[in-house]
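Down below is the structure, laid out as structure tokens.
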Amino acid sequence: MSDTNPDCVIIGIAGASASGKSLIARTIYNELTAELGEDQIGVITEDCYYKDQSHLPMAERIKTNYDHPAAFDHALLAEHLKQLMAGKAVDIPTYSYSEHTRTDQTIRFTPKRIIILEGILLLNDSALRKLLNVSIFMDTPLDICLVRRLARDVQERGRTMDSVLEQYQKTVRPMFLQFIEPSKQYADIIIPRGGRNRIAIEMLKSRIRHLLLS
């Protein structure tokens, strides 16, 4: 908390893949945008900070353990957050799930009063935790996460069911148990029942309003 900026509220939402992080982030974004204006709030996804693998052949890229902390450039993410807190715009990288590497495009992100950051391993990184005003962990059962992940990755990311299940068994579940679930201890708020938990959403919105006024 020592590295936070009172003029910029950063909310970190962590938890297993397909636990409801993106849904609750979008819901809070949409509802607070209607209340405060779209120039006041923005969402950043940890997936954008997967490390560039363009120097590797595709056969090597697909072997990467994407659920391990080493797959992410958390140092760049932390630096971008610090720049945004200082009132400077940043160029966020974009990532291709089909190519397993970053694209050539970036997204210009201007400073906001509220930044919602969502990703599986946010609370595992001590440098990122220090930048968060509120840290949240989505405590959704793994079997529900797997069903959601299957539907998402097959329908939206062009994956096959077999490849999704193989990845889940080899890396997703083991990395959840090793890195993601233990990071729950750092959460200020633990949210059960996924991204449609209205009580949790209203509580978060109330907390954000309080931080903006304090």
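Placement of Cβ uses the backbone N, Cα and C atoms for every residue, glycine included.
Taken from Swiss-Prot, the feature ATP binding site applies to G15, A16, S17, A18, S19, G20, K21, S22, supported by sequence analysis. The C-beta environment of S17 (ATP binding site), restricted to residues of the same chain at least 6 apart in sequence and closer than 8 Å, consists of D67, I120, C145, R149, V172, F176.
A simple way to gauge crowding: the CB of K21 (ATP binding site) has 29 other CB atoms within 10 angstroms, across all the protein chains here. Within 10 Å of the Cβ of S22 (ATP binding site) there are 18 other Cβ atoms, across all protein chains. When the neighbouring Cβ atoms lying within 10 Å are counted for each of the binding-site residues (G15, G20), the highest count belongs to G15.
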